[in-house]
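A.B. asks: Below you'll find the structure I mean.
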Amino acid sequence: MSAVMLHLNTTLLILTATVLLQGLVWLLVWFTQRHLFELRLIAAGFIAFGLGLVLHVTRNALDVPLALFVISQNYLLHIGMAALAHGIARFLGQRGNPALIWGSIAVVVVFWPAALLIDPYNTAVRILASNLIGMTLILFIVQTLARDRTQPPLLRWATIGVLMSDFIALVLRCGIAIEYWNDQQALVQDNVQAWYFFFFNIFVTGLFLMLLLMVGVKLSYGLRQKNDDLSREVAQRRELQDQLSTSLETAKALHEEQKQLLRMVTHEFRTPLAVVDRAAEMIDVVLDKPSETVSRRLDSIRGAVRRLVQLIDRFLDVERRDLSFLQPERIDIGSLMERVRKHFAGLELDLRLRFTVQPSLSFYWGDPEMLGTVLINLIDNALKYTTDGTPVEIVARSEDKAIVITVTDHGIGIPEAEAALIGRRFFRASNTTPATGTGLGLYNTRRLLEYHNGILSLRGGRGGGTIATIRLPLPGVVPDVSMEVA
């Protein structure tokens, strides 16, 4: 019975087209899954191997030296195999064996030109060398798959089976090369070559399908992992949401207790304040023609009591979230400064104050009682922390569509390390004495300025002391948008 004959060129063309198409498919897969960068190596391996086959098909059709064709063809074939082996190792999360990969390429680069130079007609030695390199790379891939734990065992061993089938074919081909070492015509007869390419086509297609399945498994595993991560994140967020809800309920309860305490404290403040106000009034009535100094001092006491009562009422309005507590009106900054000066004149402290107001300063829309309290707090601090009797300078000017007021003293200043903490509730600088304050003055000052979109900044002066700067954007808190500032 005669052996079944296959047409060599047809088989080789089919193999070439198959390998190139598979390389293009891998390239498209990589384009859609850019995070699997190892697929570039697999695609490059298939394409390089396919181009090597193209040279094998066309070497008799082009007028190019045969040696150049043989060298170029084998370079592409073996570089393609090395890239494929390295790509599979990286795809499975392993470092691979760079020394083996580059060593294989180096052998090809050195061996083929030398073999053609020494004995250009000895096909058997080149076939034997090519098969040995291919067998080495196949064993490397098999070892990589055996170590892998990212793919299902059935898929890994099926792929190993496909690889070992080609390994066996290469062993047989080595045996044929040795058997027909001295009969080059029998070694390269068309039917033997055609059958080998036919089997290799089946092997390449099987390996292609196994690798596609591995990619599908990896993508599926990645998707499951993302879903698990998402589920954990959702669970964590729900837990955080529950904790936040609990914290909000606790905060609401604490805030309600704080409001009740504030109402109680302010109620208790009203009684002694009323007593002080009534006593000042009675002193004025009882005294027969009191001196001007005494009258001025009594008026100052009663004015301070009224301001304190008004501020208490307004802070209560804030706690009730009632925005009507802010009572803006058109303020002449010069007049506001004069009111502040009179307050300290009643306390006989005005002689240390130096007021400077820029001429023709713009009017400002705001709550005069609040802004007056802000200035009084800042000036009171400046006087309190300046013990050597040096003056305190208060300057009001216009700057970049805002009114800027600075209060400058030459007192103890602010420790540089504590500058960011000044103004927090109950915080007091380390260089102050226990009897000089409670840590609420600057906190309340900032809060009153916030109602006017104002800013308070504190910094040290050149020669010591502190410079407190108030910045109030113009036109201020206008009650009606149709109003214009003169």
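Glycine is no exception: its Cβ is also placed from the backbone N, Cα and C atoms.
Quick paste of what TrEMBL says about this protein:
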type	residues	note
COILED	223-257	coiled coil
DOMAIN	264-476	domain 'Histidine kinase'
TRANSMEM	12-32	transmembrane segment
TRANSMEM	39-58	transmembrane segment
TRANSMEM	64-87	transmembrane segment
TRANSMEM	99-118	transmembrane segment
TRANSMEM	124-142	transmembrane segment
TRANSMEM	154-181	transmembrane segment
TRANSMEM	193-217	transmembrane segment
A.B. asks: Can you say which of 12-32, 124-142, 154-181, 193-217 has the most Cβ pairs under 8 Å with the transmembrane segment (99-118)?
C.D. replies: 124-142
A.B. asks: What stretch, picked from 12-32, 124-142, 193-217, has the most CB pairs under 8 A with the transmembrane segment (64-87)?
C.D. replies: 124-142
A.B. asks: Would you kindly list the residues that approach the transmembrane segment (193-217) from elsewhere in its chain, counting only those six or more residues past its ends and only Cβ-Cβ distances under 8 Å?
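C.D. replies: Hits for the transmembrane segment (193-217): 5-8, 11-12, 14-15, 18-19, 22, 25, 29, 33, 36, 39, 42, 46, 88, 91-92, 151-152, 155, 158-159, 162-163, 165-166, 169, 173.
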